[in-house]
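Student: Quick one: the structure is below, questions incoming.
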Amino acid sequence: MAAAMVSSAGGLLAMLNEPHPSLKLHALSYLIRLVDQFWPEISTSVPIIESLYEDEEFDQHQRQLAALLASKVFYYLGELNDSLSYALGAGSLFDVSEDSDYIHTLLSKAIDEYAILRSKAVESSEVVEIDPRLVAIVERMLDKCITDGKYQQAMGIAIECRRLDKLEEAIIKSENVQGTLSYCINVSHSFVNQREYRHEVLRLLVNVYQKLASPDYLSICQCLMFLDEPQGVASILEKLLRSENKDDALLAFQISFDLVQNEHQAFLMSVRDRLPAPKTRPVEAIQAVETSTAQNENTAGDVQMADETPSQTIVHETDPVDAVYAERLTKAKGILSGETSIQLTLQFLYSHNKSDLLILKTIKQSVEMRNSVCHSATIYANAIMHAGTTVDTFLRENLDWLSRATNWAKFSATAGLGVIHRGHLQQGRSLMAPYLPQGGAGGGGSPYSEGGALYALGLIHANHGEGIKQFLRDSLRSTSVEVIQHGACLGLGLAALGTADEDIYDDIKSVLYTDSAVAGEAAGISMGLLLVGTATDKASEMLAYAHETQHEKIIRGLALGIALTVYGREEGADTLIEQMTRDQDPIIRYGGMYALALAYSGTANNKAIRQLLHFAVSDVSDDVRRTAVLALGFVLYSDPEQTPRIVSLLSESYNPHVRYGAALAVGISCAGTGLSEAISLLEPLTSDVVDFVRQGALIAMAMVMVQISEASDSRVGAFRRQLEKIILDKHEDTMSKMGAILASGILDAGGRNVTIRLLSKTKHDKVTAVIGLTVFSQFWYWYPLIYFISLAFSPTAFIGLNYDLKVPKFEFMSHAKPSLFEYPKPTTVATANTAAKLPTAVLSTSAKAKAKAKKEAEQKAKAENSGNEAGKANAASDEKEAESMQVDSTATTVEKKVEPEATFEILVNPARVVPSQEKYIKLMEDSRYVPMKLAPSGFVLLRDLRPHEPEVLSLTDAPTSTASPAVGAEAAGQAQQAATTSAMAIDDEPQPPQAFEYASP
């Protein structure tokens, strides 16, 4: 109470000058309590307080009191550095558990200071001394967090301060270690900017996981993939595959599918090759495995497995354990090679194809034949719309129209088949046989269709080119025609994506050095595709040639190729990025923007964002500025909500190139999300005054809205109508019309069963998808590169698999209204001669007669009112019957309207599950199958709880659904084609497509 009556600290301050130590101690003790109120007055005596702290004759406690008082005064004065310095001197009197602004502020300052010093100590070779008192404060704070059960806070501080020992302590002491580890993995991906340090954190997490009684092998293998340690993954898979427990084998298959989702092909091949072959087995066992694998459709993986297993002399004693391991190993290798998932995806897209051919027919009819840009755009849209479905009905039905494509349009038309048949690994070459170079170069066919066919082969085998690489190399070597070289280079780059094959590199380099502009551009891009993410020294060789050549096309191809080589290298690419962004040639600087985007792709790194924003507003070249803004989309796709906010001002720029870049940046980073802010930003750009800005905005809007239904966002329906209006408008400029046609294809991509996804479920970059969108964005200069968007397509499917990797039928539930996620309704033909329903004409004489009859009926009813009840009832029923006859149709309509929509939907495996639907997916309680991991989509291994009951399988070899759904009046014409296609088994050897008969130009 006495303290509340004090009006000045003057008396206590005077006591500080007293000679007796006990008086000084008394003064300090009371000033500490009053400092919050009287700090302005106390601040005049700071020198005295400081001298007391420095006086060695004082005992430790008194000096610490003086330090704490000085710290608080400096805090109120805003001198945080001095305040922290004296707080360190206060020792244990600085109580980290106190709940006050002073403590919170200084703790934040201390942690920041400590984190900076720790980072500097690691990053620089110099020895950085850290005040042990600062270390003590941070450690006290960490210990307090762990003691209080604030484990996430402790982990955040430990990661920021690079205290991995404290991080491990926080994880181990937490109540839910598995949940804490998952949180820590997410934090390391989201907030740890430095690649090397992130790897240290992940390595620690792997060690903690492995010490657990029941390790989470799914998470361990994901961490090992981030660390690029294939041997660790192979060891875990071998252990699970050799286990006697069937569930462990299912877990191994699930891990393999999860790794394949990340599309890191070189890593997967390394894991596959490290899996040890079974020990010597009898011939009978080998035959059994081969029979089993033939049923599993993993032909390429199986052949390798059979080759690797040497044929021994017949052993009389069969080792059943090894036989089981051999069978499981074959399945695992088939999954890791990607063939199993590709085959299942192909069958799913084929059997669930819901593409609307009437949309394409409308586009075709509205496009003027002499407008080659829109003609080609229609071919692109068809390929994208049917990507991976193997349905080429539209092309077959319009051969005359298609044959009008000449030169590069012919190249694109043929290459489009590669997108339609993407993943058809077994029959890819036979499908393209009619268009491929026959008997070496100049075999008599059109070089444009031959080049397009080689490009198509690359698209079919993208990232899985083992079986086609040699053929593409031979085709490249045996021709000197630049168009064929162009197609062969692109195809080879796709087939050998990220393999860094020296022989292929030399073949492509020899094409580059011919200095042909057309072939050289493709060669530059192809080199980048081949060397994706290798950060190789060859980049400097490519850069040197880019400076030597005079062809802009070659420089641009090389600039993009160099950018591809530094994919995912983060700070390791800074030297090359600096070199490219400072170059005098704007095309090299343009490549530097892509290098910056790809090196930091998906990291949301602040340094990269700052650099890109700087170039977006300061570079003298419009191309560089446009690309700098576009590149933001690649850096930010892991945090799509940020992109519209960051580029919102740029989308209102006076420069149309910057506006275009802003549109595509949003399209890339928010693809498939249906994000409301993204749509709001793009809407005004779709009606921009500049044609190419409208084009970019329409394409970006389609990318954002893919797999979003009109029921979940009404703007989707409005956008579809806007596209139709632009396409049908004869006065619309070509650029906008092309954008609208492409947008129509992207909206309904892959038979309306795919979305664009750049991150896998485990937050790993999908390499192929990111590279695909990067090269797709080059269509500004070269339209055939539009097809690269197909690499970013990811099926929106739940595909449950049993132990035999077959798809059993079982039901699960979507706890949401079916209309929210249903397919778009098929378009209908608008008939002009539909008779409008008009009111019936009534003559005046008829009206008078009806009125008179009604009046007589009323009088008669009154007269008979006293009559018997039966007669009354009959009259009433007759009247009711008459009324019901008149309003029969109306009543039926009302009944239909009244019926409420179901609040859930039963789905059958395999089912279409769009990203926004995943949170509503629930399994039935009495289900026969239980998933190995709770995943609402993708490939999910199922444990059979009733293995003795017979199974009903889905996705059989010959899907019963029609390959090309007929729409409206086209049904009769398509029936025969559809029946033929549906009867054809995907795995059977199909007849090659009919050759397109092009009219000679």
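Including glycine, each Cβ sits where the backbone N, Cα and C put it.
Okay, these came from Swiss-Prot:
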COMPBIAS  854-863  compositional bias 'Basic and acidic residues'
COMPBIAS  961-985  compositional bias 'Low complexity'
MOD_RES   Ala2  N-acetylalanine
MOD_RES   Ser889  phosphoserine
REGION    853-896  region 'Disordered'
REGION    954-1001  region 'Disordered'
REPEAT    522-555  repeat 'PC 4'
REPEAT    557-590  repeat 'PC 5'
REPEAT    627-659  repeat 'PC 7'
REPEAT    661-695  repeat 'PC 8'
Student: So which residues does the repeat 'PC 7' (627-659) touch in its own chain, when a touch means Cβ under 8 Å and the partner is 6 or more beyond its ends?
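Tutor: For the repeat 'PC 7' (627-659), the nonlocal Cβ contacts are 189-190, 590, 593-594, 596-598, 600-605, 608-609, 612-613, 615-617, 619, 665-671, 673, 675, 677-678, 680-681, 685, 688, 690, 692-693, 758-759, 763, 770, 773-774, 777.
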Student: Using DSSP, what's the helix, strand and coil tally for the repeat 'PC 7' (627-659)?
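Tutor: Counting residues by DSSP class gives 22 helix, 0 strand, 11 coil.
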Student: Give the mean pLDDT for the repeat 'PC 4' (522-555) on the 0 to 100 scale.
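Tutor: Mean pLDDT across the repeat 'PC 4' (522-555) comes out at 88.
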Student: Which residue counts does DSSP give the repeat 'PC 4' (522-555) for helix, strand and coil?
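Tutor: Once the DSSP states are binned, the repeat 'PC 4' (522-555) shows 24 helix, 0 strand, 10 coil.
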Student: Per DSSP, how many helix, strand and coil residues does the repeat 'PC 5' (557-590) have?
Tutor: 26 helix, 0 strand, 8 coil
Student: Taking DSSP states H, G and I as helix and E and B as strand, how many residues of the repeat 'PC 8' (661-695) are helix, strand and coil?
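Tutor: For that range the per-state counts are 24 helix, 0 strand, 11 coil.
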